[in-house]
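Notes follow once the structure below has been shown.
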Amino acid sequence: MSDTKRNTIGKFGLLSLTFAAVYSFNNVINNNIELGLASAPMFFLATIFYFIPFCLIIAEFVSLNKNSEAGVYAWVKSSLGGRWAFITAYTYWFVNLFFFTSLLPRVIAYASYAFLGYEYIMTPVATTIISMVLFAFSTWVSTNGAKMLGPITSVTSTLMLLLTLSYILLAGTALVGGVQPADAITVDAMIPNFNWAFLGVTTWIFMAAGGAESVAVYVNDVKGGSKSFVKVIILAGIFIGVLYSVSSVLINVFVSSKELKFTGGSVQVFHGMAAYFGLPEALMNRFVGLVSFTAMFGSLLMWTATPVKIFFSEIPEGIFGKKTVELNENGVPARAAWIQFLIVIPLMIIPMLGSNTVQDLMNTIINMTAAASMLPPLFIMLAYLNLRAKLDHLPRDFRMGSRRTGIIVVSMLIAIFAVGFVASTFPTGANILTIIFYNVGGIVIFLGFAWWKYSKYIKGLTAEERHIEATPASNVD
């Protein structure tokens, strides 16, 4: 990007971008089901102690690679070299595979609310089969061009935000007016039970507070430079943390956490609110269902091809075959998108085999999505630790405090993430076969494949090319 286009984003613009990238009402539902009111303080702590420092870590990498518009591959390469840069970029795509498995059943549930006015209860087998058909359709649409999806998704996302804020306002009004909450709001209810199961669910909180990598890239584009960026990110983190916490406190005013479902929880809480205020419940179900369905279906169609396109545009040529990465007339690597479809199929089938209900299925899928989502930030944190420990001399306009401060902060984050990742990979009460073949097996196979692919790639390079590829900061001008 040219210098004339730099410093064009105002503080409010960055605040809006940050909010859009991080906050999601569905995250409130998911964590409320697992943690109840204890999710309220955990959301606030996660945004303060994870989101803000991780944003600053990314901002420092962006500052180090200020002459590059590339993303995570360039950031990690500047500290750990090409192999770990490829592994990290690969894990970002890899996480999206699990994201699809958790998104598809929600699309189906919200379609049911939108067109029927209620959630049609299906078995895990039926849900999985319909999800596979839906994902095949979304892959076909996304590879054949979906130009109108952006504006549609933007409008429905805005409507969902307005619905969320209206719920918070009306639920708060009802609470002040003397309504008896479905779940009592007490200090004791907000104190987490610090056990192994809780440690595993904390990854759900961290996943909800994610999005730093999509915001921190604007550090060079903000009016006022890095100082303004830091101020806005801290303010945004506090604001989002408070909003998540307030949402978590108010989510059970009308509906108990025990009654909420992963698939249609958003509609359930609005249904409860409509019943309290005497609004037409069926109409509310259809409206919230339609907005949620449109937003999620649009997101599904857009994200089916986008991660593949980003991944193959970042990594060096030659790691994957030319036909695999070849773009079609719509600028999408169609063959890679269909390979992605084939990979997602077993990721949907395996957890289905160990689930008695759709709620069990969603629990397994979301848990694994959260566990997998820990890997990319963890690799970036390790890269940052190496940057501050061994390469702190490299010139950059922005640093997250002194060398010692940076090392201490990132070391604490690495420790928390490592424990959370292990706890969510080996959850209590889970089917042992599901853990072995899905949780552990999936990660080992995918990361092992990435390691093998990169090793095969560097064998075809000259000695000089291997040296450049392996050397940290070789991409930093």
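FYI, residue positions are counted from 1 along the chain as it appears here.
Here the Cβ of each residue, glycine as well, is placed from N, Cα and C on the backbone.
Summarising the annotation, Swiss-Prot assigns topological domain 'Periplasmic' to 1-8, 63-83, 142-158, 218-232, 357-364, 427-431 and lists sequence analysis as the type of evidence. According to Swiss-Prot, the feature transmembrane segment maps to 9-29, 42-62, 84-104, 121-141, 159-179, 197-217, 233-253, 264-284, 287-307, 336-356, 406-426, 432-452 (among others), an assignment based on sequence analysis. As annotated by Swiss-Prot, topological domain 'Cytoplasmic' applies to 30-41, 105-120, 180-196, 254-263, 386-405, 453-477 (among others), with the evidence given as sequence analysis.
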Checklist line | CB contact flag for the transmembrane segment (84-104) and the transmembrane segment (42-62), at least three pairs under 8 A | finding: no
Note to self: Could you check whether the transmembrane segment (406-426) packs against the transmembrane segment (336-356) - three or more CB pairs closer than 8 Å, residues at least 6 apart in sequence?
What the structure shows: no
Margin query: For the transmembrane segment (42-62), give me same-chain residues lying six or more residues beyond its boundaries with a C-beta closer than 8 angstroms to one of its C-beta atoms, as numbers and ranges.
Written below: 22, 28, 31, 35, 75, 78-79, 192, 202, 205-206, 208-213, 215-217, 219-220, 226, 229-230, 233-234, 237-238, 240-242, 244-245, 248, 377, 380-381, 383-384, 387, 396, 398-400, 406, 409-410, 413, 416
Margin query: I need to check the long-range neighbours of the topological domain 'Periplasmic' (357-364): which residues 6 or more away from its ends have a CB within less than 8 Å of a CB in the stretch?
Written below: 102, 105, 121-124, 127-128, 261-263, 351, 430, 434, 438
Note to self: I'd like to know if the transmembrane segment (121-141) touches the transmembrane segment (287-307) in this structure, counting it as a touch only when three or more C-beta pairs sit under 8 Å and are separated by 6 or more positions.
What the structure shows: yes
Checklist line | Helix, strand and coil residues within the topological domain 'Cytoplasmic' (386-405) as assigned by DSSP | finding: 8 helix, 0 strand, 12 coil
Check: Does the transmembrane segment (159-179) make contact with the transmembrane segment (9-29) through 3 or more Cβ pairs under 8 Å, each pair 6 or more apart in sequence?
Finding: yes
Notebook entry, point to check: If we call contact 3 or more Cβ pairs under 8 Å (sequence gap 6 or more), are the transmembrane segment (9-29) and the transmembrane segment (233-253) touching?
Noted result: yes
Next item on the list: Mind tallying the topological domain 'Periplasmic' (427-431) by DSSP state, helix then strand then coil?
Entry: 0 helix, 0 strand, 5 coil
